Amino acid sequence: MDGKLSWTVADAVDYKGFPAEKSKTGGWVPAALILGIEICERLSTMGIAVNLVTYLGGVMHLPSAASANIVTDFMGTCFLLCLLGGFLADSFLGRYYTILISASIQTLGTAALAVSTKLPQLRPPPCDGIKDCKEANGFQMGILYLALYLIALGTGGLKSSISGFGTDQFDETDEKEKAKMAFFFNRFFLFISTGTLMAVTVLVYIQDEVGRSWAYGICSVSMLVAISLFLSGTKRYRYKKSKGSPVVHILQVIAAAIKKRKLELPQNVGMLYEDSSEQGSRIEHTKQFQFLDKAAIVEQGDFEAHGAASALNPWKLSSVTKVEEVKMMARLLPIWATTIIFWTTYAQMITFSVQQASTMERSIGSFQIPAGSLTVFFVAAILITLGVYDRIIMPLWKKWKGKQGFTNIQRMAIGLVLSILGMAAAAIAERKRLAVAKAVGGDTATLPISVFLLIPQFFLVGAGEAFIYTGQLDFFITKSPKGMKTMSTGLFLTTLSLGFFISSFLVSVVKRVTGTDGEGWLADNINYGRLDCFYGLLTILSLINFVAFLVCVIWYVPQKRKDQQKSGIVNGNMAEERC
């Protein structure tokens, strides 16, 4: 019997529901089929996002601020819907069906977008002159929104499940497969970067030089191919049974604490309820957020009779371990909140920075670089930074400090600093661009200033993303309870979502405060605006946020050490398992 168990994965089943055999399921082949979906998701989402602002302004004739907000709202919704996708995967569908359904929805979205950009009835007529441009009407914008938000819905479901379903193909209890899982994460980020690189180069070029409908059609066809390959691996996948949504678990603890808010906590924490079945994963009690401890006070009515036995009502009573898991998530929130602003600065790279590029000299000989393709420097910065960090910084840091690279909090801090420098560089570059626009006239289609002036802002924010993305993902997964891995990943992705929404909010506020009727800092024609002041505002806000981040780190780290001392070996092992 023991020999048979060693050839199966304890917590996984095959497509028939039988224990998954290691020799017949999982491993690199199924993981690669899953990653194929991720490449196509990046190709579609980023290929649309980085060049959408030029379509909205140049074809749909929308003002620059409105165009930027449509892009950031679209991206924000993509990441916000990851929470919905994670909830459905955990509670109802499972990761396999969530991926399959979401990929199909995204394919419909890109097909609808291809149609909306092809039919002349779904866009306004071309401008007769600089001032005589008719904006897209409500019906035309409605069809565009329908396509975009179908894509967002599909993206949210894919992002919430692809990384998790990929790691399901490796057994954490097997040392060889555990090592392969570590390489899977590296390849996962590589595939994200590869898809993004293809999007900002090949796909953007096709959009500008061949036709947007062709580009979006390619996205649909490539996703259909990826879905077919994904389905071909159905018999090879390992499936893990859903354990329920951690959101429900958190709500149960909060509900029980509220119901017992008038009760006094016992002097002896040993009087609080603890589930004996959680012995192997028990978390010791901590003094922080003591209000939640009331959820573990036992009183009459907490157990309900079921025949001869009685069962705990989770909405009335929670164990100390369950309460402490919620506390662990609560401790992440201050640092979570202070990393949101990075993604607000990131949003400028695919909106206003692309608009800047569209007004500048972009020719190399007879070849003209598409404005949206300037983000290739952004992707290049990510890849170069990751390579330098892995090959140079990590070995040197290990020799000097004896540690494997920077901690996750240090990486987040570096990312925030680089974003501050990136926004400062953007403000300086914009001042130079505006000076040229003033000298030659703001209505000049192409200003006599090289687009390569924008490279520093793309490179600095791109390098910042390499640090903060890996730091955030590591932090939220390793510092959260083992059973809330999907929840913590969703929490990480909401920082991206909120960063985009805050960008939309700031643009709207600045537009209203600094001017109306197409003027002000964010003028309809950016040659007549003061985009440099907007970038300066973001630099100041990012600097203030960085100070708040440091305060939150000081608050968080001592508590972490205190918890480790109290929890002893049990928590140490749990942390190792989560890594």
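Quick reminder: no glycine exception, Cβ is built from N, Cα and C everywhere.
Remote same-chain partners of the transmembrane segment (70-89), defined as residues 6 or more beyond its termini with a Cβ less than 8 Å from a stretch Cβ, comprise 45, 48-49, 52-53, 56, 62, 95, 98, 102, 148-149, 151-153, 155-161, 164, 242, 245, 247, 347, 350-351, 486-487, 489-490, 493-494, 496-501, 503-504, 507. According to TrEMBL, the transmembrane segment annotation covers 70-89 (among others).
TrEMBL lists 96-119 (among others) with the feature transmembrane segment. Beyond the ends of the transmembrane segment (96-119), by six or more residues, the same chain brings 34, 37, 40-41, 44, 48, 55, 59, 85, 88-89, 140, 143-144, 146-158, 160-162, 165, 211-214, 216-217, 219-220, 223-224, 226-227, 230-231, 234, 237, 239 to within a C-beta distance below 8 angstroms of the stretch.
TrEMBL lists 139-158 (among others) with the feature transmembrane segment.
Tertiary neighbourhood of the transmembrane segment (188-207): same-chain residues 35, 38-47, 50-51, 55, 162-163, 166, 214-215, 218-219, 370, 372-373, 375-376, 378-379, 382-383, 386, 469-470, selected by CB-CB distance under 8 Å and a gap of 6+ residues from either end. Annotation source TrEMBL lists transmembrane segment at 188-207 (among others).
The transmembrane segment feature in TrEMBL is assigned to 213-233 (among others).
Taken from TrEMBL, the feature transmembrane segment applies to 332-355 (among others).
The transmembrane segment annotation in TrEMBL covers 367-389 (among others).
Long-range contacts of the transmembrane segment (409-429) within the same chain: residues 335, 339, 341-342, 345-346, 348, 353, 356, 453-454, 456-457, 459-461, 463-472, 474-475, 532-533, 535-536, 538-539, 542-543, 545-546, 549-550, 553, 557, each at least 6 residues beyond the stretch ends and with a Cβ under 8 Å from a Cβ of the stretch. Per TrEMBL, transmembrane segment is recorded for 409-429 (among others).
The feature transmembrane segment is assigned by TrEMBL to 449-469 (among others).
Annotation source TrEMBL lists transmembrane segment at 490-514 (among others).
Annotation source TrEMBL lists transmembrane segment at 534-557 (among others).
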Surrounding residues of the transmembrane segment (367-389) on its own chain - C-beta under 8 Å, 6+ positions past either end: 50-51, 54, 189, 193, 196-197, 200-201, 204-205, 207-209, 349-350, 353-355, 357-358, 405, 451, 454-455, 458-463, 465-467, 470
Leading stretch by Cβ pairs under 8 Å, where the reference is the transmembrane segment (490-514) and the options are 139-158, 213-233, 332-355, 534-557: 332-355
Non-local residues, at least 6 beyond the ends, that sit with Cβ under 8 Å of the transmembrane segment (534-557): 331, 334-335, 337-339, 341-342, 344-345, 348, 352, 409, 412-413, 416-417, 419-420, 423-424, 426-427, 430, 506, 510, 521-522
Cβ contacts under 8 Å made by the transmembrane segment (139-158) with residues that lie 6+ beyond its boundaries: 37-38, 41, 44-45, 48, 60, 70, 74, 77-85, 88-89, 98-99, 101-110, 112-113, 115-116, 121-124
